[in-house]
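Before any comments, here is the structure.
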Number of protein chains: 2
Amino acid sequence: MKPIHIGLLGIGTVGGGTYTVLKRNREEIARRAGREIIVTMIADKDLEKARALADSNVIVTGNAHEITTNPDIDIVVELIGGQTIAKDLILEALAHGKHVVTANKALLANHGTEIFAAARAKGVIIAFEAAVAGGIPIIKALREGLTANRITWIAGIINGTSNFILSEMREKGLSFEQVLAEAQKLGYAEADPTYDIEGIDAAHKITLMSAIAFGIPVQFSKVYTEGITKLTGEDIRYAEQLGYRIKLLGITKRVEKGIELRVHPTLIPVRRLIANVEGVMNAIVVKGDAVGATLYYGAGAGAEPTASSVIADLVDVTRLHTADPMYRVPPLSFQPDLLSDTPVIPMEEVETSYYLRIQVIDKPGVMAEITRIVADNHISISALVQKEASDESDQVSVIMLTHLTVEKNINAAIARIEALPVVNGKVFRLRIEELNN
Amino acid sequence: MKPIHIGLLGIGTVGGGTYTVLKRNREEIARRAGREIIVTMIADKDLEKARALADSNVIVTGNAHEITTNPDIDIVVELIGGQTIAKDLILEALAHGKHVVTANKALLANHGTEIFAAARAKGVIIAFEAAVAGGIPIIKALREGLTANRITWIAGIINGTSNFILSEMREKGLSFEQVLAEAQKLGYAEADPTYDIEGIDAAHKITLMSAIAFGIPVQFSKVYTEGITKLTGEDIRYAEQLGYRIKLLGITKRVEKGIELRVHPTLIPVRRLIANVEGVMNAIVVKGDAVGATLYYGAGAGAEPTASSVIADLVDVTRLHTADPMYRVPPLSFQPDLLSDTPVIPMEEVETSYYLRIQVIDKPGVMAEITRIVADNHISISALVQKEASDESDQVSVIMLTHLTVEKNINAAIARIEALPVVNGKVFRLRIEELNN
């Protein structure tokens, strides 16, 4: 059987890892795929770097189109990133009848519909296991492993950088800024960490998982996104005292009104397995009506873990490209002409429970005023703790946990609480997920 | 597109669950599979029960051969269990060109080689996600999700009954016998619990995972198997005090001399995620050279979780049966003509670390004698604790943890320790796995 010929676009961290692992495990991978999978071309703007990495028989080019249009290339692996050049190259490769493997979550979360349609039109495969949660085969689990189920929700720690920051803040009692600086030094956070710490990266990933789980189109613009930059050590400590750990979660849920799609720091019970996923590791819990809750854990980033997913896709394509293109595994698991138009509901309509930290002047009647407002907004309180002021000031923190309520109710209550003369500054609000049903 | 027609053999717990879930989620499953998946025939010796469950348009028969030989049936689902009738029916179905889905771990662990060859000879698919860890898509992860990796080891909690017993013993301080009785009452343990508590069920499952991970034939006869029946509450408590939790693990590992394949109660560090998997839940850690450690968690048994895996296989077959039979996903991930003859090494040659509990008479020189024997056998001690006698007796328990050593060395040391006049009865030995590299 003749080998499968791969053209690699981009030879950065993941590209380099893919090349290295494919070479190191070449024999074992061939025994699984039934034929050899060989990188025959590499395109990168840094020709020197590409040549230093590649064996002498690999064609290195600065012109990616030489790969996407090359009749000898079977699969194009896009690891350039970004949404402009990468998109053009993927569409070009698909148009030339090549299967495409990509790790580009931002591109697919924004332009997945167009790209999936282009692949289908040519009867080729577009695969993207590496786009979500690095080495964890979560796309495969959702798209193939759990197809019996009506999925009810997914909750995932899907950004290693922010999970590392939260773990360090809790374990070492450091501030967000201190840990971010440490993470940048260790290479766990980029010079511009916005995508990670503001939840955008997680939002890309939950967009893809939501589409696969519920059979809806990718709709990145509909994700509610809130990062971890405003979290204080105080909140992490208070949460622990109440039996919760704070994690940046990507959450998508099927409810009566539609689909919830959101990323935000979340209190989850410490006794849940996922609450104990620390450092740069990722984990995703998927709840299905038949299977119950399943959890998938592993490295969410890094050269070789991500390469592991890229290569799994290459093996999949090698094994399955001969199957009837109309019926073999669709990219979003559901047949593209059978996607649902169930709406993503606005954050205001989401029902969850809340953690509020309210800075108040310590005098009689304060609690009565606050609890009255809460009751007026049909919110019921599950815990209420007044924290001693740490200094001589007359200020204290009131921590309130609520039962389930609709986000717009809590917003209304917060606005009224903030208007109280005894309340100082903004009310700090986090959301709670019990992850139990 | 015409529907896929399923013939169901056996309508017990899993068969009933499969029928129910297929019916309940029929529309969503069809949107994923691209066509309807319909049970058209059921065979069971209890015709009444089958008729009570099935819709009126389903053909119910007491004669399973009517299904396995029926030209209108596309996929036969074998959920009878056992290794005689089930084997004949599977072989008959394969011979008649039908794809087969089964949850029968005992059959595949013993006769997998023959059955896989029969499927290949006819160019049909044999799928068995439900045979290992219930609803967790671990077969798919190993066979497809981690194909880039040279797998180094797998360690799994793959028997819910024994995990439930160990959890309850630890949490409630009850004895093995007490918890077993409770488990039987709750339906978590069968009237004859031998397969579960003696590790045989776990041995079937680790046999299958080992074959898929390392590309070796299924070799159930080579598994070292030790159950949980001799564990005492004392050992569970001592382990906790030393930072370990005891779990019945199925372990398979690639080492220089060959493949380790074993099931036994194991001390694992409490801080590992898998140490915190409690009750009837299952979890498997897979270590690959590229991806690192990944973990898969979920319900390891039960009607609907297991049905989830059966149906995932049905969707897979529906989507992929048109692919080239020689290259589409092989049952053991590796191409059958490229399996390796790497030997399974005997338990005597396995290297691990140990927990020993030694009952001694409390008098001077005892420790010196024991530690001398241990040193003579080239074993190095990592912890040594003498436990106060709980009553007036002159007996104390000595708990010893060792560093890595070969099993035959520890056996030799134990034989000599047991021969000491100051040592009372048998030395109780458990194995330790750090699960860190």
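Yeah, the Cβs are placed from backbone N, Cα and C, and that goes for glycine too.
Record features (TrEMBL):
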type	residues	note
BINDING	A:Leu9, A:Gly10, A:Ile11, A:Gly12, A:Thr13, A:Val14, A:Gly15, A:Gly16	NADP(+) binding site
BINDING	A:Lys105	NADPH binding site
BINDING	A:Glu190	L-homoserine binding site
ACT_SITE	A:Lys205	active site, proton donor
DOMAIN	A:355-432	domain 'ACT'
Based on Cα distances to the residue listed as 'NADPH binding site', point out the closest of the recorded positions A:Ile11, A:Gly12, A:Thr13, A:Glu190, A:Lys205.
A:Lys205
Whole-number Å distance between the CA of A:Glu190 (L-homoserine binding site) and the CA of A:Thr13 (NADP(+) binding site)?
13
Euclidean distance between Cα atoms of A:Gly15 (NADP(+) binding site) and A:Lys205 (active site, proton donor), Å:
20
Averaged over the domain 'ACT' (A:355-432), what pLDDT does the prediction give?
93
NADP(+) site shell beyond A:Leu9, A:Gly10, A:Ile11, A:Gly12, A:Thr13, A:Val14, A:Gly15, A:Gly16, criterion: Cβ within 8 Å of Cβ centroid:
A:Leu8, A:Gly17, A:Thr18, A:Asp44, A:Leu79, A:Ile80
Among A:Gly15, A:Gly16, the one of these binding-site residues whose Cβ has the fewest neighbouring Cβ atoms within 10 Å:
A:Gly16
Using CB atoms and a 10 A radius, I'd like the single residue among the binding-site residues A:Gly10, A:Gly12 with the highest neighbour count.
A:Gly10
Going by DSSP, give the three-state secondary structure for A:Leu9 (NADP(+) binding site).
strand
